[in-house]
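Worksheet: one structure, shown below.
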Amino acid sequence: WIMGHMVNKIEQINEFLDLGANSIEVDIAFDELGYPEYTYHGVPCDCKRYCTKSEKIDDFIEALSAATTPGNPKFRKELTLVVFDLKTGGFDASRMYKSGKAFAELIQFSYWKGSDDAGRAYIVLSLPKLDHYEFIKAFREHFDTSTFKNLLEERVGYDFSGNEDMGLTRVVLNKAGVNDREHVWQGDGITNCILRSLDRVKAAVAIRDSATGYINKVYFWTIQAYSSVRDALNAEVDGIMTNEPDVITNVLKEDAFKDRFRLATYWDNPWETFKR
């Protein structure tokens, strides 16, 4: 998966897809009560990027639904996966559960449109800290009595992006109601302004490939240097988050990689661990 980073304006959806992305990351900002309010990253972010682009949340989700609904004039078949980078650090932790419920309602009614046929992209809920796990718990429990529980079970995955201890990550996911390998993505990375070793990525890949692991997919963020992309692919990641998707597509065409990797399509399940 080529994961376009910081896609927070509606026009950026097509911009990143046209550059070769098949996935996008969207930053979700909340009000002080924990209700999703708009798309926004803010500073600091990445080198050579504007960090303050924003849309009202309802407008962006409406456009995202259109881009991922077959038959819609704005449908883009390339867009198979959306990572919601949930900026949950801006409100009191006591509101985490209610915030998760509110975001579940937004996805059900504004993205899925209360239908099995709209908003087909797979979703990863990405939280910045392990102690925000009640957001995931609430999101899942919203669908316990819903006729759309099948969409939760088919289309939603989970990630913690704060580079915290992976053994503890497993425990916290279980506390949130997520079983081992139940749609678990594990990210590792840092802003593109700083070089980061692949040690933690390799540890995550080892857990993913272990018979007793809890991870389905591993991704690295945020890179666009050709050498860094090659190193990440050689570490056997499943996804790369980037500001320059065309760099990833160029590397995938190189002799060393063209027979080892290909772009994921909608028919590639992001919850299944790939076995070579």
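Cβ atoms here come from the backbone N, Cα and C positions, even for glycine.
So that you can see what the record holds, here are the features copied from Swiss-Prot:
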- H5: active site (ACT_SITE)
- H41: active site, nucleophile (ACT_SITE)
- E25, D27, D85: Mg(2+) binding site (BINDING)
- C45-C51: disulfide bond (DISULFID)
- C47-C193: disulfide bond (DISULFID)
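Counting Cβ atoms from all protein chains shown, C193 (disulfide bond) has 12 others lying within 10 Å of its own Cβ.
The Cβ of C47 (disulfide bond) lies under 8 Å from the Cβ of T191, N192, C193, each of these being in the same chain and 6 or more residues away along the sequence. DSSP classifies D85 (Mg(2+) binding site) as strand under the three-state reduction. Comparing D27 (Mg(2+) binding site) with the residue listed as 'active site, nucleophile', their Cα atoms are 6 Å apart once rounded. Within 10 Å of C51 (disulfide bond), counting C-alpha to C-alpha distances, fall none of the recorded positions H5, E25, D85.
Within 8 Å of the centroid of the Cβ atoms of E25, D27, D85, where the record puts Mg(2+), the same chain has further Cβ atoms from H5, M6, V7, N8, V26, I28, H41, V83, F84, L86, S126. Of all the active-site residues given, namely H5, H41, the one with the smallest number of surrounding CB atoms inside 10 A is H41. Annotation for D85 (Mg(2+) binding site): spatial neighbours E25, V26, D27, I28, H41, S126, P128, S161, criterion Cβ-Cβ under 8 Å with sequence separation of six or more.
When the Cα atoms are compared, H5 (active site) and C45 (disulfide bond) turn out to be 10 Å apart. Sequence-distant contacts (6 or more apart, same chain, Cβ under 8 Å) of C45 (disulfide bond) comprise M6, C51, T191. Each of the recorded positions E25, D27, C51 was scored by the number of other CB atoms within 10 Å of its CB, and the largest score is that of E25.
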